[in-house]
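Q: The following feature annotations were taken from Swiss-Prot:
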type: BINDING; residues: 124, 128, 134; note: Zn(2+) binding site
């Protein structure tokens, strides 16, 4: 599995520990649903102003958010809905954009560590790449159960 992490902000220091948490969160989420490991995910770490612009451009929502997911293939609850033929070694699942600035604010607000917040946002975003959503209450419950299960498997609880 290839995971690309790029930091495009200077508001919050990003160290190897944060990058490792992002990688572990991706791997632990993917392995719940997919048997193969030949996937690629890109993660972009940004500030609030950058993610606000993306949110406005792609979702028509003119405010900052904590994380955005851009899936390449159509999944529904962890199952691929289309046949794909990829000529490369790695199958690109999509892109994740995390506002580390927003994550730091939320960690403080919720009374837990930045590491726990980053792990949660990463798991949440990968679940979106895999076709989970939280628009309907039943779907939200399923997604929350997976989030908690994966975070607990990583030793990160509320």
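Just so it is clear, glycine is given a Cβ too, placed from its N, Cα and C backbone atoms.
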Q: Give the helix, strand or coil assignment DSSP yields for residue 134 (Zn(2+) binding site).
A: coil
Q: Cβ within 8 angstroms of the Cβ centroid of 124, 128, 134: which residues besides those meet this for the Zn(2+) site?
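A: Those within range, site residues removed, are 69, 125, 127, 132, 133, 143, 147.
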Q: Per residue, counting other C-beta atoms within 10 angstroms of the C-beta, which of the binding-site residues 124, 128, 134 reaches the highest number?
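A: Max Cβ neighbours within 10 Å, all protein chains included: 124.
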